[in-house]
Amino acid sequence: MKFSQSLIALAACFLPLIAAAPEEAQHAKIRSPGAQDIILDSYIVVFNKGVNDADIESEFASVSHILSKRRPAHKGVGHKYNITGFKGYQIETDTGSIGEIAASPLVAWIERDGKVQANALETRSGATWGLGRISHKATGSNSYVYDSSAGSGSTVYVVDSGIYIEHSEFEGRAKWGANYISGSPDTDENGHGTHCAGTIAGATYGVASKANLVAVKVLDGDGSGSNSGVIAGINFVGQNGKDGKSVLSMSLGGSYSAALNSAVESTISNGVTVVVAAGNDGADASNYSPASAKNAITVGAVDSTDTRADFSNYGSVLDVFAPGVDVKSAWIGSKSASNTISGTSMATPHVAGLAAYLIGLGGLSSPAAVASKIASIGIQGSVKDPKGSVNLIAYNGNGA
């Protein structure tokens, strides 16, 4: 990106201020996600709230000057984030440069980038049962009872490994949105995102079979990605999602990240309902992101007997449980491919689809209203071994 001479000159005015800042103050701004899975030399820089676009352009000129003095091997500024309430960027650079950047009065804090992973487990043979569970008060049903609106008018952004949009399950309702995996094609190379999309809005497997789907690729063929890449995906949704009509579904996670949580929270404030996986470590979900993001709908997994899956994270940040063991849905490889897998990744799209379904029914104009509706109609007290979590199973309010 090119900058005018006037911006570069303006940036130079800030350099003495940056150089003069105490070293302790610089280091105090630099945080680590609660993780061992740090991405070396990659950082997420978060601006103070209220910083305007002119200030940001000036800051990028200042950063360019800082980087010009350092090793050229680093890539420099990558993803840029511009969600109302959350502005910043990702940068690859050395520790010396990041210390200078931290000294800027425009920077609120900086977080070391961390890895995220798809929250899916082993592949098994099995049969579809999740749709029956979320449309009946009792276990064991093989039928899905739902209103014919089926999520019509709603859009679900699947922030994941992409979607095989040509799959017959999607009937032309899935499209490509954005790709934040460098050098990868605009398709799902893993299968995880396609499986989640099928549970959300597939013709056969979907909770909201008339909802629209948008693929936002942040995970590679191995199901891996970065916090900075996920935030880039969230930024895309925040800029394109329609207030009150959009759902963001994320069946992924990693260790706690304040930056990732902040991006989620800002997107919710902008009118997008966000549904996230609790995680698969059988641990307290408050230590994971985006599971711990405030006001996101965090989903744990149960099996066909309403028992919390042993892998499912738990705790006070959970909002609801949904089917997550032996869930059958669409897959990659052919237009009719399917697969049966387990994980909180599989529970999450049931609830994302439910959110889209409820939006399609009408009368819900905000993420808070959607979350409240899911909580009010859910099946209370049926989860075995909730382990300190809310005892609530997702339900669409239709079947007996």
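Quick reminder: no glycine exception, Cβ is built from N, Cα and C everywhere.
The shown structure was predicted, so the numbers you read here are calculated from the model rather than taken from an experiment.
As written in Swiss-Prot, here are the features:
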| type | residues | note |
| --- | --- | --- |
| ACT_SITE | Asp160 | active site, charge relay system |
| ACT_SITE | His192 | active site, charge relay system |
| ACT_SITE | Ser345 | active site, charge relay system |
| DOMAIN | 42-117 | domain 'Inhibitor I9' |
| DOMAIN | 128-400 | domain 'Peptidase S8' |
| CARBOHYD | Asn82 | N-linked glycosylation site |
| SIGNAL | 1-20 | signal peptide |
Neighbouring C-beta atoms (10 Å sphere around the C-beta of His192 (active site, charge relay system)): 29
The residue listed as 'N-linked glycosylation site' versus active-site residues Asp160, His192, Ser345 - nearest by Cα: Asp160
Between Asp160 (active site, charge relay system) and His192 (active site, charge relay system): CA-CA distance (Å): 7
C-beta crowding around the residue listed as 'N-linked glycosylation site', within 10 angstroms: 14
Pairwise Cα distance for Asp160 (active site, charge relay system)/Ser345 (active site, charge relay system) [Å, integer]: 10
The domain 'Inhibitor I9' (42-117): DSSP-derived helix, strand, coil residue counts: 24 helix, 32 strand, 20 coil
In the chain carrying Ser345 (active site, charge relay system), residues 6 or more apart in sequence that have Cβ under 8 angstroms from it: Ala118, Asn119, Ala120, His192, His195, Cys196, Ser251, Leu252, Ala277, Asn280, Gly324
DSSP state at Ser345 (active site, charge relay system), helix/strand/coil: helix
Taken over the domain 'Peptidase S8' (128-400), the model's mean pLDDT: 97
